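Below you'll find the structure, written out as structure tokens, and then a few comments.
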Amino acid sequence: LGIRSAQPPTPSCQAVVYVQQPFSLALLRLFRSKSYVVLFIGCGLAIGCFNTLSTLVQQMMCPFGYDNVTVGFCLGWFIGAGSLGSLVFGYFADKTGKLEEISKILYATSSIAYILLVLFIINQVWKYFIYFAFAFVGFVSLPLSPISMDLSLECVYPIPEATATGISVMSSQIIGILMVVIFPKFARPLNAHQMLIETCSKDLKDDIAILDYSTIQFDSPKDLASFSRVSRLFLSVSRDDRIWQRLCYRLYNIKPSLNGMKQSFYDLFTKTLVPYGRYLGYWKSNERYFGGLTDVTLNILDGTITGEKLSVMNASNNIAQYYFDDEDEEANESFLKPVFIRSKLFTIDSLSHQIYCHQYNQAHHELSWIKTFNKNQQYFGLSQEALPSNERSLLITHDHDLTEIPGERDIYFTRHCSDDSTIIYHPLSIPQSTTDASNHSLSRLNGLWIGSYGGHGLELLHLELCHDFTCPTTVDGMLTDAEIVPDALIARKISGDPNVPHGKITFAAIHPLEGESDSPLCYEGIGQIAHTGYVNPQFIRTKVTILSNDMLTVTWYALHHTSLFKRCIF
């Protein structure tokens, strides 16, 4: 209502004097002027950066913990200081007429101001310094718009003002749109620290209360995928790396250090763990008689999965045998000093999906996977957890070869390096030792152990508290009544020998023996012996003496020897 004429009483500059000429001719003359082309690009970048910063400022600041209130104040300082700068620099430009010099100063200063602003945001400085940085950027960048427009008019006189300024404004809009589209493509996944402080996902609402990420639990990735299809909010929640971090830990026991992650947990889960995570963990191989323990681990740094065979030797020197005479009151633990040796068997590259055999220095075709239950259901997690807990310990007794039909509840993978070398691996569930008073005292001995077996050297054992154990009816060649023991400690061989091969029971602690209060806890037990080739296996009487939670002895009465066993510590 206050505008009373079409033109101001005096023109802003000589270039605004109207000269009649065709639009196409004016447009051609504009882009023949090198000065105008430079201003076209420079002005477009300056105003485009201003518009882009106004649009993306929340996305830029929320990963570093700045909330919406802080972002709002930043934009207020940004625009307010920009308006003030336009008045100040416009006044000096009118008084001095030095448009070129002022524009050069503003271009240089605004470049420094943008760099300073980015450094302040990344280093999470005090919010008042952030306000100052935004005010500084606005103060020196927003005045570039009117001053560059006037300067472009001076360069292309006598082309009409509307044509020259309209093309310059179009430049800034096009460059601003490109920046808004392209800049988010350079975004990096948030690290663990940023995931803890970010505010990007704190204000998402979809007609429901704000979701608490710490309480969201999913039984499987399929549930999470279904959850993501409900709405845009749920899709955003399903991409939160904290949820995938919990899935990596709960299903695959993966908990890398904060400095070790070079990819998001979402990528780790979907690209590495889904196709190859089932191979992780401990496995028992089926090499004839000897068997063995294989440890398959994930290298977070390069995304490879490596299978290593764990073999053991005694570090004690000049030890001719690994038994002790039963006349000794206590076995000397210095005779048993295990040293574990890791030998690489295979490596899986999750990026190239190649499997390399280290024994034959050649590539594997595949590691064939067999699961004879729930065949049509994809399983996520460690392979040993595919079976119920009461069935996992049974896998240690499996010793079939490729000519046999897999059992009804069987799970394993095969490694075929050459025509005459095929090995089957069954998942090995390691029971956790418990010292809770509510559990049986023998449960504290659960786990992997190592023991001495005379000339056969050191062998690996699997100890587990077994409920309702059926005792053998023949011990020391004598028939006994059938007995079911409610709680017994069963030791099975993981690495065996030609006499008693892997997977077989080597000894068991059955009934507690009475003794003095200060003496070690002892159990009546049984032990298995056999001739070479596992011929004529039989059980003999033994005494199991528990020296500590990590050491015990077994006295073999018929052999007149005592052997020492220690818990494995890799």
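For all residues, glycine too, the Cβ spot is worked out from N, Cα and C.
According to TrEMBL, the feature transmembrane segment maps to 36-57 (among others).
What TrEMBL records for 69-93 (among others) is transmembrane segment. Tertiary neighbourhood of the transmembrane segment (69-93): same-chain residues 50, 53-54, 57-58, 61-62, 99, 102, 106, 127, 130-132, 134-143, 145-147, 150, selected by CB-CB distance under 8 Å and a gap of 6+ residues from either end.
As annotated by TrEMBL, transmembrane segment applies to 105-122 (among others).
If you look at the transmembrane segment (128-147), the same-chain residues 6 or more away from its ends with a CB under 8 A from one of its CBs are 43, 46-47, 49-50, 53, 66, 70, 73-75, 77-86, 88-90, 93, 99, 102-103, 106-107, 109-110, 113-114, 116-117, 120-121, 172. Taken from TrEMBL, the feature transmembrane segment applies to 128-147 (among others).
According to TrEMBL, the feature transmembrane segment maps to 159-183 (among others).
Outside the transmembrane segment (36-57), and at least 6 residues removed from its termini, the chain residues within Cβ reach (under 8 Å) are 30, 71, 74-75, 78-79, 82, 107, 110, 114, 137-138, 141-142, 144-145, 148-149, 151-152, 155-156, 164, 167-169, 171-176, 178-180, 183-184.
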